[in-house]
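One structure is given here, and the rest of the page talks about it.
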Amino acid sequence: MTVLGHPRSWSCRWWPLLLLLLLTGREPGVEGVTHYKAGDPVILYVNKVGPYHNPQETYHYYQLPVCCPEKIRHKSLSLGEVLDGDRMAESLYEIRFRENVEKRVLCHMQLSSAQVEQLRQAIEELYYFEFVVDDLPIRGFVGYMEESGFLPHSHKIGLWTHLDFHLEFHGDRIIFANVSVRDVKPHSLDGLRPDEFLGLTHTYSVRWSETSVERRSDRRRGDDGGFFPRTLEIHWLSIINSMVLVFLLVGFVAVILMRVLRNDLARYNLDEETASAGSGDDFDQSDNGWKIIHTDVFRFPPYRGLLCAVLGVGAQFLALGTGIIVMALLGMFNVHRHGAINSAAILLYALTCCISGYVSSHFYRQIGGERWVWNIILTTSLFSVPFFLTWSVVNSVHWANGSTQALPATTILLLLTVWLLVGFPLTVIGGIFGKNNASPFDAPCRTKNIAREIPPQPWYKSTLVHMTVGGFLPFSAISVELYYIFATVWGREQYTLYGILFFVFAILLSVGACISIALTYFQLSGEDYRWWWRSVLSVGSTGLFIFLYSVFYYARRSNMSGTVQTVEFFGYSLLTGYVFFLMLGTISFFSSLKFIRYIYVNLKMD
């Protein structure tokens, strides 16, 4: 397919767009409602087409042999609409407010055998189209396919040449729009000879009806005329599963672990006379040995610059994820489009770069780091470089296949400008504040110059086992909800239960913190003081489980296929797992650090 011209440049709207997003979290045009008078023209924009089971594989509507104006005029698009693959253009449909149309001819066409074959292929791949009326998306299938698996075998393909538009209004505003092909017979595309032309007449009708619903948000969410699945119901199974796991883990940490610690502290804090009389310097081998390593537990780890960068970027994504969910709870995103979420995510990522710079530089200076500039460069590159490499591959595949998901050059330059003028400077500014406000690392115990030898560890205290346990338990807390999230991002579901999403997100962080504390305690009890990186890897491995789940979802829970969709799915699924590794690794590390400070502060040292 040939790529059509890109929509008019919207660079002049960039800074107003950012300001609107900053103040309201909304995209211009997504929630705006136009007021009409009877007889006013209502513009219908054609947008995109693509396989129903491949949501990210979309093409311009006019890349199909359909009714098309002589000169294609594109609608100016917002950032989120461009990122969502929208390429809206004016159409030949003539619709006027509150004026019904019984049956009007749109155009007459003579299709060659090659054009008919193009339509047949699109219909066999279940192509759907998307139009936009007053910022309301309306969708339908391009054609009809009937296939029987019994003898005699039949394979019939037909094209919908008549569309029935149904629009609901309240006063002077359009509340709902839908398209259907009920009581319409498809035009057969079978039996055409290679040198033969097919004559088609495209028609349409328009029906207006008044509704008592005053606002679009009051209309039943997810009601898309049955084209896409309805909004998901409350996921009680996910909530119960997560709550049970949280109660078990919190109970384990708060009751069992604290009871063990109380016994340890009571034994270790014997006064010197009792300890010396009972040979207190020789600990029983059955006792936990975390007290023995008090002179090594705060020994700074290797690759401290990389560790601080992980913590900084992880803290940034924790803030970004929380911000997105809070904005969704406040009703700042339209249920019909994901474009507003894309725009908000880009804006929040740029603004929260100061968090990554501050956290990374602050902790780096605390643990004695001296290469501050290198730490900032590593922090700002830790996510942006993998993201850029992944996006380059995905965008190249889209571009090679003529997909509208391929970003225009102007959009790429603008996004790069935002990162260079907003994201990177804020990282540096945050790093400066973090470095200047950092105080020396406050360790409850002094660290000896010579490191203590670590005794051999049993297999169940290995890094691999800790990563398996620490990754699987947080993953199991969100596994049910994760299906619905995948079905929304990579499928046709419409997710609006943001309250439950916030609840599950909080559960995920809580489970990660509890697991981290428990695993760190067991590691220290084995006289292994190398907890710094272990705490990050143990719970951060949840990202690996999420990626493995994405492989399972692709193979067993979806009907996605083709190079375009497959490359995008696995590319961004890998990035998603990486982001969860950064977030949960950060939560895990600071939870373990807080726990270790607590137990050693309460331990009386000689």
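From the backbone N, Cα and C atoms, a Cβ is placed for every residue, glycine too.
The signal peptide annotation in Swiss-Prot covers 1-27, and the record cites sequence analysis as its basis.
Residues annotated as N-linked glycosylation site in Swiss-Prot: ASN178 (among others). In the three-state DSSP scheme, ASN178 (N-linked glycosylation site) falls into the strand class. Other C-beta atoms found within 10 angstroms of the C-beta of ASN178 (N-linked glycosylation site) number 20, with every protein chain shown included.
Annotation comment: Swiss-Prot describes 237-257 (among others) as transmembrane segment.
Feature annotation from Swiss-Prot assigns transmembrane segment to 310-330 (among others); the stated evidence is sequence analysis. When Cβ-Cβ distances below 8 Å are used as the criterion, the transmembrane segment (310-330) is approached by residues 25, 341, 344-345, 348-349, 352-353, 355-361, 363, 379, 382-383, 498-499, 501-502, 505, 509, 536, 579, 582-587, 589-590 of the same chain, each at least six residues removed from its ends.
Residues of the same chain lying 6 or more positions beyond the ends of the transmembrane segment (339-359) and with a Cβ under 8 Å from any Cβ of it are 17-18, 21-22, 25-27, 30, 78-81, 83-84, 86, 308, 311-313, 315-316, 319-320, 323-324, 327-328, 332-333, 376, 379-380, 415, 418-419, 422-424, 426-434. Feature annotation from Swiss-Prot assigns transmembrane segment to 339-359 (among others); the stated evidence is sequence analysis.
Summarising the annotation, Swiss-Prot assigns transmembrane segment to 373-393 (among others) and lists sequence analysis as the type of evidence.
For the recorded site, ASN401 (N-linked glycosylation site), the DSSP three-state label reads coil. Its Cβ placed at the centre, ASN401 (N-linked glycosylation site) has 17 other Cβ atoms within 10 Å. The N-linked glycosylation site feature in Swiss-Prot is assigned to ASN401 (among others).
The transmembrane segment feature in Swiss-Prot is assigned to 412-432 (among others); the stated evidence is sequence analysis. Within its own chain, the transmembrane segment (412-432) is flanked in space by residues 11, 14, 18, 79, 346, 349-351, 353-361, 372, 375-376, 379-380, 384, which lie at least six positions past its ends and keep a Cβ under 8 Å from the stretch.
The transmembrane segment feature in Swiss-Prot is assigned to 469-489 (among others).
Summarising the annotation, Swiss-Prot assigns transmembrane segment to 499-519 (among others) and lists sequence analysis as the type of evidence.
The transmembrane segment feature in Swiss-Prot is assigned to 535-555 (among others); the stated evidence is sequence analysis. Using a Cβ-Cβ cut-off under 8 Å and counting only residues 6 or more beyond its ends in the same chain, the transmembrane segment (535-555) has close neighbours at 307, 310, 463, 466-472, 474-475, 479, 482-483, 486, 490, 508, 512, 515-516, 519-520, 566, 569-570, 573-574, 576-582, 584-589, 591-593.
The N-linked glycosylation site feature in Swiss-Prot is assigned to ASN559 (among others). ASN559 (N-linked glycosylation site) carries neither a helix nor a strand DSSP state and counts as coil. Non-local contacts of ASN559 (N-linked glycosylation site) by the CB criterion (under 8 A, 6+ apart in sequence, same chain) comprise HIS53.
The annotation transmembrane segment is assigned in Swiss-Prot to 570-590 (among others).
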* Sequence-remote partners of the transmembrane segment (570-590) [C-beta within less than 8 Å, at least six residues beyond its ends] -> 310-311, 313-315, 317-318, 321, 382-383, 386-387, 390-391, 393-394, 470, 474, 508-509, 512-513, 515-516, 532, 535-544, 546-547, 550-551, 554
* Chain residues outside the transmembrane segment (237-257) and at least six past its termini with a C-beta under 8 angstroms from it -> 473, 476-481, 484, 500, 503-504, 507, 510-511, 514-515, 517-518, 521
* Tertiary contacts of the transmembrane segment (469-489), as residues 6+ beyond its ends and Cβ separation under 8 Å -> 232, 235, 237-238, 241-242, 245-246, 249, 495, 500-501, 504, 507-508, 511-512, 515-516, 519, 537-546, 549-550, 553, 557-558, 584, 588
